[in-house]
Amino acid sequence: MASFSTAQPLSLPRHPTFSNPSQPMTNNDRSRHTLSLIDRCSNLRQLKQIHAQMVRTGLFNDPYSASKLFAISALSHFASLDYACKVFDQIPQPNSFTWNTLIRAYASGPDPLRSISVFLDMVSDGQFGPNKYTFPFLIKAAAEVSSLSLGQSLHGMAVKSAVGCDVFVANSLIHCYFSCGDLDSACKVFTTIQEKDVVSWNSMITGFVQKGSPDKALELFKKMESEDVKASHVTMVGVLSACAKTRNLEFGRRVCSYIEENRANVNLTLANAMLDMYTKCGSIEDAKRLFDGMEERDNVTWTTMLDGYAILEDYEAAREVLNSMPKKDIVAWNALISAYEQNGKPNEALLVFHELQLQKNIKLNQITLVSTLSACAQVGALELGRWIHRYIKKHGIRLNFYVTSALIHMYSKCGDLEKAREVFSSVERRDVFVWSAMIGGLAMHGCGNEALDMFYKMQEANVKPNGVTFTNVFCACSHSGLVDEAELLFKEMESSYGIVPQEKHYACIVDVLGRSGYLEKAVKFIEAMPIPPSASVWGALLGACKIHANLSLAEMACTRLLELEPRNDGAHVLLSNIYAKSGKWESVSELRKHMRVTGLKKEPGCSSIEIDGTLHEFLSGDNEHPMCEKVYGKLNEVMERLKANGYEPEMSQVLQIIDEEEMKEQSLNLHSEKLAICYGLISTEAPKAIRVIKNLRVCGDCHSVAKMISQLYDREIIVRDRYRFHHFRNGQCSCNDFW
């Protein structure tokens, strides 16, 4: 049999059994030989050559041969839907197989809904109706676009066509209903299947895992075992994923033993699923043993190990895995950046990001940008955040919901609320996370009424709020004194929005009431809670007692808080502040002594400021900064100028018992935010704003100092502390209450 070349037009050779040229090939010989050539095609050009020969020889009029050519043009690895449609249009009378092939091709293509149009054309043609092979492709199209209504309609048509109980149709329906989030309908279809195959079970197990019900997946696997259904690799991957999500190491090990006992051929996908289960469940020893024994590894394998070490906060080992990877891809870099960012190490995340920027042939993706923007938000790295925003625009990266939310969050937490508003307004489509991010940004900047307006506009846009939305709205109400509005929304949470209040929501309402001075009402609210008050609830009450100097209630709140969290240094410090403000220095002394005896240390105050894209950190009394002499020189100048204009230090802010007034004043002057502001004064010029990030609550003295500096030095100062923003301009602060 002659071979063909991609450079030459194909010709149909004589059959090898005919050595005499005078004996031509029969039509059957030509047909068999052409079909064998179609099977051997490796690119579209070869297929077009065969197509041309078939048209010339009349073989294209044979329905079977034409269908074979069409199927390859539509479904092969080199398929072209445009070309396939042209072939389809040339077929005089397409048979049922040809129609189904075209429907299948569109269902798997970039526009799945076009398969529905083809289906309607087939029905209107009148020669063929849908069969059990048609519906799985149509249902797949509905699943691809997550159209529940379309899936339900196709389900009804399949039942009317008497193929609704066919196992292939039913399996497709299960997948479709899961894709659309209708778990109940998926379960109902599963129960109607008389003879379930392993795909039926796999569809249910995988669906439960992907839709957040891993416990149900494990229960179904147990039932599958009890019915003696032999599991496949797909089953094992689904079950192992369920174990990983539920952190069920015991069951996961049992599954791994099941695989070994049944002598299953462990392919790379299954091995990676086993590895993922071990790492997610925290058994790094099992993971390492499996990893070392794997003959084949891909980037998923390496990244899974990296994630495993990162989960245990063993960043040195995680970094070693990254360095050992044969080929570092963006997924691995993202894993390390995300691990640092999500575990409270934003500076380390940014260092890894800067290292990634130096790598050649690795393109940043949306996950990279979201994680890095979150790290920027934590430390207030506005310049880097702006660079990322410019990168997004320059490279035409689509602003999906995650990137949009991350940009809004970054700008808000870095103090540029106007830019956050600009990003929000620039996108046409907004999901609950985008709306919640904007509401949260307004809340932390003290724009309570605007945050409430945004909340109601969100509902007008038919976007349903979630728990995070309510947390942000309550915070907005808290910092703006909107007590009635917060109480009303809290009452409507479950009745009108179907959201059961969680601990954080109760803590927010206590904060709303407490900040506004309704301390007794806050106590009654706590007593009426249907769930045990958490540490955050008692912390909110304790903070309110600090604002309103209610010593007796503060002692009670602190006692309850410490019963839940004995090592909470913030509670000790807050109560110590209250004692100091009340002049009860003996109680301050006892509390400080208790902290020393128990080894409990106050979290050191730390403030950071970004200058020319570089973050500079200052601790209280810091001498480590290379420009510390100039900073302290500026501090002395500033304090002298403030005193000349009526400044008096608030000595109640000093926690320790210090007899000399001069020492008390010096202690106040060493607060980290004062050092950061002074560094901003010597490193920048007006009208550039001085932006400072503080890890703790800003004390009253530092608040007064920042207010006076903004007036005397004609500078805008923006300080973000643990709870909110403080905007200082012309000797005024935009916040309603600086606490």
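All positions are counted from 1 along the displayed chain.
Glycine too: its Cβ is placed from the backbone N, Cα and C atoms.
Bear in mind that TrEMBL entries carry predicted annotations, made automatically and left uncurated.
Since we're looking at a predicted model, the values are computed, not measured.
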Listed range which TrEMBL flags as region 'Disordered', given the options 1-30, 211-240: 1-30
Whole-number mean of pLDDT values that fall within the repeat 'PPR' (431-465): 97
For the repeat 'PPR' (267-297), distant same-chain residues with Cβ under 8 A (at least six beyond the ends): 233, 236-237, 240-241, 243-245, 247-249, 252-253, 255-256, 259, 304-305, 307-309, 311-312, 314
Helix, strand and coil totals (DSSP H, G, I; E, B; other) for the repeat 'PPR' (197-231): 26 helix, 0 strand, 9 coil
Residue counts (helix, strand, coil, in that order) that DSSP gives for the repeat 'PPR' (267-297): 23 helix, 0 strand, 8 coil
